[in-house]
Each structure stands twice: as structure tokens, then as C-alpha cells.
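**Q** According to Swiss-Prot, the protein carries these features:
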- 248, 284: substrate binding site (BINDING)
- 51: N6-(pyridoxal phosphate)lysine (MOD_RES)
């Protein structure tokens, strides 16, 4: 396996063709140091949520700080096992028997989403991996209903009033994934207390509890000490090993999507068209209607533009931003905080060029992680032609 030391060394930023993602090693390590401290004061273990960030080319930076990976599908399980190591947790909203057989020999924990799946496949897991079940506690913290695991008619986890209490005698652990971008430590502690009160007598029978992801402990001003104390108290109260499954918390504010202005048009408002698209390269901007932020923008700027994509989707735009000076064709812009749920969702809509991926090392060296070309685009559409 190639490493960062083997490929793409000694590159200069000015030579890089847009669009591309630039991962900043120093910023990544700053987040990881916070994670390390939280682990030390709380005793919690952390597994990286690959659904959020799977760019394995930088896993050598992350591995010394975390305990392994957690996955939402069989290919993520394999990727975590092969490229990260440590503990490999396997979870899926819906397993097939083939899926279970495919990963059971390489995972340490297998977590089922329902009691029916647990009953159907537990015989394949017992003796090979620690057995877990996802519980939906009916409480959550999420800014948008689309990402709320406790939303009405949720399919995520076993509803509290549907649990067969005997199940806790034959599993090793449970997962409660109930947060999305939770920056409020008191709100999280409130969720912890609710879980302890409602499920405590069951948790006392278990070996481990995963509290999922979505806890934004690296957000500026977050009270990590308070979080650590609450996690430690919970683990001691129920005599369990606690896990967190951070994704965004690890890679937030580490990565820019760098684009170039290719045209400027006007239809009631100026639009700077860039060589990228939210539909293809930053999908959550479109899905959640959360405008991106641009490094070069200024709140007090006098020149306002829509930062529009080059896709054919009429509403595909990154944001509206103000600038101190008029934008120029050929100018580069940095779309900030573009690591989480971006590279894992890249697609070939419109046949647009896929962004390359680079890492800026602590010493300033630029190293290539990935690049894509026409053959990659063609291969995703067909490998064979009908006869």
C-alpha cells in the first residue's frame, strides 16, 4: 500500500488544477489532540465514522489517536479493517445474509438495527464478534428533521416500547446514535441522563455502550472537561466501556474545496460560476440547504455574488457572499470546511471533473492523495456493452 511519503511529493499549490480538496494536517491534528484529551479524562474509546470521512490516504495521521472505525455498509467494514486497523465495528440499517457472512470474520463488533435481524443472523456472529443492537431512545438532538434519528416513523434502531427485555441477556452491547452536530454539552448530558434513567437496568447487564456520533466536542468553546466528566460518570454507573463514533468532530475545519471562477454572469444579481458543483462535489450543501462559507469573502464587502456551480441544475449554488474587490475570471476561491460527507458522496453528475485530493503536511509539503480522470467516469457507467 502506498503512503503519503511515496506519492505526489513536492507539489506547489499554484501548480494544482482545480477543483481539488486540500486537507490540512496541522488542523487535523489539532482536532485529534482534543479527541485524545477527551479519551484520557473520560475513559471513552473512539472509532472513526467512515460514513462521514473515508479518505484512507490520511489514516496514518489519524490512527495514533483513535481506536478503530465504525461502518454503515460492508465495503466500509472492509476499508476500515484493511486501512485503519484497531477495532472494526460493523453496523447496517439492513443486512443481507451475504453481507453478514462477508464481514463477520473481520469485525470485532456487529450491531444490528432490529430485533428481527438480530434473531435471523445471530447464529452467524456468536463466537466470532461481540453482538450489539441499536436502540432508538426516542430522544435526540438534531438541527434538521432529515437527520433526526428519533423523527416520526424512524426506522433507525429498536423503539423503546418495542424492546423484548430478554434480548439484553443475550447481547454484549447497544448503540444509541441520537445526535447530529450537537455543539451543546448540556443538551448532550440531558440525553445521557434520559438514557440512564430509562435503560439503566438493562445497561448494567452489558459490556459496552456506543453513544454514536454527532457530538461536536471540537467546536470552538466546547466544554470538553464537562463532557469528559459526564461520560466517565455514566460508564462507572453502569460498568460499561463507552464508545463515541466521531466523524465531523475529527475533520471539521480541516479541508477546503478549492475552485476557480470560470465565468461571471448577471440576471438581477451577479453570479460567479465556478468549476465545481454542490450536486456533484458538496452534496449536503444542496440537501440540507446550508450555504457554504468562502475564505475570500468579507461580511463588510461591497461586491456581492452568488457562487454558482457549473452543473445544469438551476438551483445548484454554494452560497451568496460579499467580497472587498470584484471577482475575476481565473480567481481561486476556497470553500471552507469541506471534508465531512463530501468525498464520501462524490458523483459524476454532468460528467464534471472530479476534484483531486491533496494533503498539506505540517512542514508545508503538498502531497497527492487521489486524482480522477475520464476513464474513472466511464467505468462507473458501464464496464461492458451489450452484444
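The backbone N, Cα and C atoms fix where each Cβ goes, and this holds for glycine too.
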**Q** Out of 248, 284, which of the binding-site residues is least crowded by other Cβ atoms within 10 Å?
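**A** Least crowded of the binding-site residues 248, 284, by Cβ count within 10 Å, is 284.
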**Q** Among all protein chains shown, how many Cβ atoms are found within 10 Å of the Cβ of residue 51 (N6-(pyridoxal phosphate)lysine), not counting that one?
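**A** Looking across every protein chain shown, the total is 19.
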**Q** List the Cα distance (Å, whole number) between residue 284 (substrate binding site) and residue 51 (N6-(pyridoxal phosphate)lysine).
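**A** Rounded to a whole number, the Cα-Cα distance is 13 Å.
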**Q** Roughly how many Å lie between the Cα atoms of residue 51 (N6-(pyridoxal phosphate)lysine) and residue 248 (substrate binding site), rounded to a whole value?
**A** 10
